[in-house]
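Colleague: The structure follows.
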Amino acid sequence: MKKFKLVSDFKPTGDQPKAIEMLTEGILKGEKFQTLLGVTGSGKTFTMAKVIENVQRPTLVLAHNKTLAAQLCSEFREFFPENAVEFFVSYYDYYQPEAYIPETDTYIEKDSSINEEIDKLRHSATSALFERRDVIIVASVSCIYSLGSPEDYLNLTISLRPGMTKDRDEVIRDLIRMQYERNDIDFRRGRFRVRGDVLEVFPASNTDRAIRIEFFGDEIERITEFDVVTGEVIGRRNHVAIFPASHYVTTAEKLKRAIKSIEEELEQRLKELRSMGKLVEAQRLEQRTRYDIEMLQEMGFCKGIENYSRHLTGRPPGSPPYTLLDYFPNDFIMFIDESHVTIPQVRAMYNGDKARKDTLVEYGFRLPSAYDNRPLTFEEFEEKLNQVIFVSATPGPYELKKSSRIVEQIIRPTGLVDPEIEVHPVQGQIDHLIGEIRKRVEKNQRVLVTTLTKKMAESLTEYLKDVGIRVRYMHSDIDTIERMQIIRDLRLGKFDVLVGINLLREGLDLPEVSLVAILDADKEGFLRSETSLIQTIGRAARNVDGKVIMYADRITNAMQKAIDETNRRRKIQIEYNQKHGIVPQTVRKGIRQIIEATVSVAEEEEKYEVVEKEIVENMTKEEIEEYIKELEQEMKKLAIELEFEKAAKVRDKIFELKKLL
């Protein structure tokens, strides 16, 4: 059996060896909750990777959004090139959930665009868990949403070997039960085709490789893997396991039982609605549900099948749904990254989902069993956990209360120390700020300024522009692509000061930033809480000249705690550096990578703008259609490489081109 093998030029330094040893010891001793309190830039991902290598267990890494999950997945793939590092996030590029607005009698049907690549990666993740133990899955919070039964998923998996007695038509029936679709012309993921005694299957978890099964009578003669594009044979296989094409598969017996159970629930609900005089709702529900039942009987599938997941899996009402967590073996470990954000997000998922379903059930769009197609409640989530390590620079009260050990990682490999903090009175703050900005600009350094309101941010930006400072304002309406471009321009020195309200979102750990100015630091609220302040202070921790200025007339409790905690860390870091003769260095590594990524985004944008203006106008309808196909290929390629921002940009260009047809 393959083992986790970490490949890296790094050696653990600073606090890392102690943190790795203590966290590993905690897991081996069976401790359920631990916290890695790691400051910005201390190499938390490397510590996580070393712990995984030490304990050799399947691992789930939970991140609070897709972008962060993609970053982590790329890092873990670099650390573990020989192991299965998988990616599991919501596969919707665009998702409008089903909803009903009673005030205007508006029913909004579920509308979504499923990203084929991400769907493939999800299948790759679940199938890896059944095939091996050296698996790391990096997931967003969408992994606590309902998924089909792992038992049915595994039971329907087909295992084939050369020499096996197996009728070709029997294998075809099995594939159809697993929701594979026969298509002899358009061969794609989740489909199969038949040519005489040769059956070719394109597994749901693959992008470019398919399986060819050759029969001789009732016996499998040969199994080969081939490249779908070139047709070239990659190699012969002694065994192949084909996993279902959907996570919502069920056995024939369970499907029969499910249909009977749906019919019984429908009859009961219709009685209730009619007794309340809700005849329109009753008629609507009957019409919609009967259509779904008919589809299930004929096809084994229907639109919105997830709303019947409780019936399909045979679970009692109100019981927790199956999720990705159920696909893991019992001894798995879990890292919850940026836990101070991720844990509250997990808590909020259930209530938001229930509120939307209330109106759908009340007005006859769905049966009450639709409530059971839902995310886990927080209590159910806790019950499914085995051993967890919370990872954050500012763990929340939940993590601190639950953890049997809190392991600090305060020393950075670069020797950088936390920034010094100065509190300045509000009177004359703008003139003082301008003076500080000019000092930084002379040294070719950058400045972040955080305000509390949009109005304040806009006014400040205008004022700074008027006095000759190169400044930009980043607000919440800016999309990811533009955001990356603004960050790129800041790093390249196209402007010197970035003003924003919430500068805590990912991607703003910039080595060039030597000053963070916090306006209205003494106003109580979530943007000026202890956690937010510490996270904001961390934005200046990647530069050797890092400094934070808080503009305030009084020192609030949150400010005092943030200042004390920063000074405590600073003292430890300075003492360590003096003891080991370390001279702090501004972070250099990674600048080029980030600039490359963002430059290419900008180049793509410029390329498409030029193409659109100069070429598209002169294209025929057929040429535009051909160009759209090329862009779709490029979009899929970018998604495979986890370059979701670039892929989204190409997708937007496709939408614009389709409007011209």
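For all residues, glycine too, the Cβ spot is worked out from N, Cα and C.
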Colleague: Swiss-Prot tags one of 19-42, 91-114, 235-258 as motif 'Beta-hairpin' - which one?
Modeller: 91-114
Colleague: With DSSP helix as H/G/I and strand as E/B, how many residues of the domain 'UVR' (625-660) fall in helix, strand and coil?
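Modeller: When I sort the residues of the domain 'UVR' (625-660) into the three classes, I find 32 helix, 0 strand, 4 coil.
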Colleague: Based on DSSP, name the secondary structure state of V39 (ATP binding site): helix, strand or coil.
Modeller: coil
Colleague: Taking the centroid of the Cβ atoms of G38, V39, T40, G41, S42, G43, K44, T45 as the ATP site, which other residues of that chain lie with their Cβ within 8 Å of it, listed in sequence order?
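Modeller: Along the chain, the qualifying residues are T47, A393, Q409, R412.
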Colleague: Using a Cβ-Cβ cut-off under 8 angstroms and a sequence gap of six or more, which residues of the chain neighbour K44 (ATP binding site)?
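Modeller: Those within reach of K44 (ATP binding site), by Cβ under 8 Å and sequence separation of 6 or more, are L36, G38, D337, V391, Q409.
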Colleague: Would you mind checking how many other C-beta atoms are within 10 angstroms of the C-beta on T45 (ATP binding site)?
Modeller: 18
